[in-house]
Amino acid sequence: MVHILSSALSLLRLGAAVSAAPAPAPTAAPNVADALAAVEKRAGSCTFSDPAVPLPAIKSKASCATIVISAVAVPSGTTLDLTGLKSGTHVVFEGTTTFGYEEWSGPLVSVSGTDITVTGASGSVLDGNGAKYWDGKGTNGGKTKPKFFYAHSLKGKSSINNVKILNSPVQVFSINSASGLTLSGITIDNSAGNSLGHNTDAFDVGSSTDITISGANVQNQDDCLAINSGTGITFTGGTCSGGHGLSIGSVGGRSDNVVSDVIIESSTVKNSANGVRIKTVLGATGSVSGVTYKDITLSGITSYGVVIEQDYENGSPTGKPTSGVPITGVTLSNVHGTVSSSATNVYVLCAKCSGWTWDVNVTGGKTSTKCAGLPSGVKC
């Protein structure tokens, strides 16, 4: 049965009551004593540190200026619920945070609020127990797998810093309905899932504005970055390995189908299926505009160095592009590197694309003979 931590006993209130009372009798129930020992509340700082006692109710979490989660074991089927925090709250992860196994959709962690800071202390890890879920099917069948970290409705000047995610069952960060959010120094290590992990997107962005992701180090089995909608999105200084590259889309078929003012720069994509990718949905409506890829280095790419296409249907290309999601004002500047001999250097399939700036030097693979609808100055 799926539980939400906010429905459990409020140990914070219980801890405050006990601190004002005489010392507990030696015969006190061990579970209660352990729980009380796990909660320390001083001057608005709330610490949860007993591995056997996951983050409790926190019905009183709104009174915590700082929440420290130290070596906590979150029960199976449970969301570590850090939503609705008071403005300016600082959340710190210490030690290893673990999550029990259960087939469910998640998320494992959810955070929301205004001017929220989430920090991973030195040596801390959030371990998603992915090996128990990976079956080669991802979200397309098999076991039901929980998504990892919802960064939804984070507003103001919120940030997530130096957090290390290990072994995510599927998608890692879902960034949705957020504004002014910065993620820096994030490490995502799903390398243990290289044979059976699937749909382990690192950063999925939707319906968000003014988002910056800097210094990410990602090893996964799907998109390193996937921007499905949003404006003012920056990804810089990232290293992506093992996945599907730096992607816009697929765009179309959702409630929000506009991507604009995106900068993806100073990043490396290696040992991945694709390097740079923009894809829109067949027959859908929306727009992609003002997207810049700058100073992108590719190596060990196995499918496409650069792929931009307007023909996606049910997650797969059809070879027949449609014009309902025009791709305009795209700049590829100093996108360079190598692909494998069986891969394709560049593939562009457009029905409505215009106003592109093209500075691409990708070598080592095949030259596509199926490119179509190329904007002026673009070469396959």
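Cβ coordinates come from backbone N, Cα and C, glycine included.
If you look up Swiss-Prot, you'll see 1-17 marked as signal peptide, on the strength of sequence analysis. What Swiss-Prot lists as repeat 'PbH1 2' is 208-229, and the listing cites sequence analysis. According to Swiss-Prot, the feature active site, proton donor maps to ASP222. Summarising the annotation, Swiss-Prot assigns repeat 'PbH1 3' to 230-250 and lists sequence analysis as the type of evidence. For HIS244, the entry in Swiss-Prot reads active site, with the evidence type sequence analysis.
For HIS244 (active site) paired with the residue listed as 'active site, proton donor', the C-alpha to C-alpha distance reads 5 Å. Summed and averaged per residue, pLDDT over the repeat 'PbH1 3' (230-250) gives 99. Counting every protein chain shown, 25 other Cβ atoms lie within 10 Å of the Cβ of HIS244 (active site).
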